[in-house]
Amino acid sequence: MLNKPVLVESLIVFAIVLFVHAVVWDRYSWCAVALAVQAFYVQFKWDRLLQLGGAVFQFRTGANSGLLPASMVIPLLGIAMKERCKSAGIVYFERFGIVVASTGMLVALFLSVIAVGITKPVPTNTCILTGVAGSIIIYTMKHSLTVSEVIEVLEVLLIFVYLSMILLYLLPRCFTPGEALLVLGGISFVLNQLIKRSLNVIEGRGDPIDFFLLVAVVGVVLLGLFFTVLFLFMDSGTWISSLFFHMMTAVLGLGVIMPWLYRLIQRNPLFWLLQFLFQTQTRVYLLVYWTFLAASACGVVFYQNAKRSSESKKHQASTITRKYFHFIVVATYVPGLIYDRQLLYVAAVLCLAAFIFLEYIRYFRIKPFGQTLRHLLSLFLDERDSGPLILTHIYLLLGMSLPVWLFPRSCAPKGTLSGAGALVPYAGVLAVGVGDTIASVFGSTMGEIKWPGTKKTVEGTMTAIFAQIIAVALILIFDSNVNLNSSYAWILASVSLVSLLEAYTTQIDNLLLPLYLQIMFMA
């Protein structure tokens, strides 16, 4: 039997699916509902495999599989994007949304088939449901996608299969099946898009900042794969290995990544970046302000470590202490969203690349800073960092940045969507920066009534909903581009559902919550 928290989490996801498709019901809605029903049943098989240790790879402990909430994210994003671009009359991105939705459905279906295939004895009813859902999805794809789009979907699936086999083997206990679906599925799609755009660069489609994101993500992932394989055969903690690491990083960066980006944007990437960053006085002010906040975050890390040294080596940062970084991130993103979203877009990409590169240095113990980073960051570990990588701070950055990166600018007249869609870039700020932070702080300090089967409190959730509504009111006051057009009931329902999901999910909330809030706002 499914335990109560998993059941409630599933009901919340079903509610979000039905809310979205009540607005945008079409042939893809049948596919999404069928996918959700079969993912609900297959999730039970995954949970059983994890409990019995029968999964092929080692997944993160202390959490359920998360297959249902993860399976619906990419398809719903694609469907919402399709509808927005269709109403704006942008056919290219309407087709792109269909490809995104189809890719998400097929990748999620593949993960379900894997679970059913390795379950013993074979679950007959679940096999039938998976077969029916697969038939509906494939039939719809056959009558919706062109041949080139079908090939593109299959390319992403192939990349996902190989990437999953490599990364889940090399990085045990870092992901649940649902988190692996989201992270590796996203990386697979980005890699395929980069290859496709590199081959069709003559067409001149796309903004340089979009190319910058694609190249940066693929570059740091390939860099990590290269060094992971390399350090299987040599000790990464020596000075010779560390020197080789820095030299090869420079060679790969200057010899592969920079020329690749040059081919896409048709100009020198370094000159373009410097010109972009210092183009206006507002950008200079924002960069100085963000530098101050980054120094403040480093100060919190050093202060907490000094406190640990003076008190006890077993001292761990409290929940409230970890939420300091959420407040700092909110203070970082809000001015960027109001004054210069393009600068925020590029700065978030640079921060992501820097965070991942520093994690490589920590993980491989690269001298001279590897061991120091291990010591400093160990203070902020929680139960979700059970694998060899520390990913929570990267997930926080992703959760805040994904709504900015995935905002359909080409389908938004005057750079903003109408109604609740105007809040799409703020989804990370609202869900993680405000909602999750307030729920955690108030729930841990004043909460008494717990949601059944969880450690989260009713007071924390209610306070989070109220805080997000206040934040929306402040956004309306300070951001003149936001016009909600009386869609207040939809915003309240969206915020409430996502806050309830935060209370019951055992997945990485920093990653999951902003995506679901973005889906609701876009619908």
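Just so it is clear, glycine is given a Cβ too, placed from its N, Cα and C backbone atoms.
Here is what TrEMBL says about this protein:
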TRANSMEM  12-41  transmembrane segment
TRANSMEM  61-80  transmembrane segment
TRANSMEM  92-116  transmembrane segment
TRANSMEM  211-233  transmembrane segment
TRANSMEM  240-262  transmembrane segment
TRANSMEM  282-303  transmembrane segment
TRANSMEM  324-339  transmembrane segment
TRANSMEM  345-365  transmembrane segment
TRANSMEM  386-406  transmembrane segment
TRANSMEM  426-446  transmembrane segment
TRANSMEM  458-478  transmembrane segment
TRANSMEM  490-517  transmembrane segment
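Highlighted: of the candidate stretches 12-41, 92-116, 282-303, 345-365, 92-116 has the greatest count of Cβ pairs under 8 Å to the transmembrane segment (61-80).
Within the chain carrying the transmembrane segment (211-233), a Cβ under 8 angstroms from the stretch's Cβ atoms is held by residues 166-167, 170, 187, 190-191, 193-194, 197, 241, 245, 248-249, 252-253, 256-257, 260-261, 264-265, 269, 273, 345-346, 349-350, 352-353, 356-357, 360, 364, 405, all 6 or more beyond its ends. Residues 282, 286, 289-290, 293, 296-297, 300, 347, 393, 396-397, 400, 404, 425-426, 428-429, 432-434, 436-437, 478-479 of the same chain lie 6 or more positions beyond the ends of the transmembrane segment (324-339) yet place their CB under 8 Å from a CB of it.
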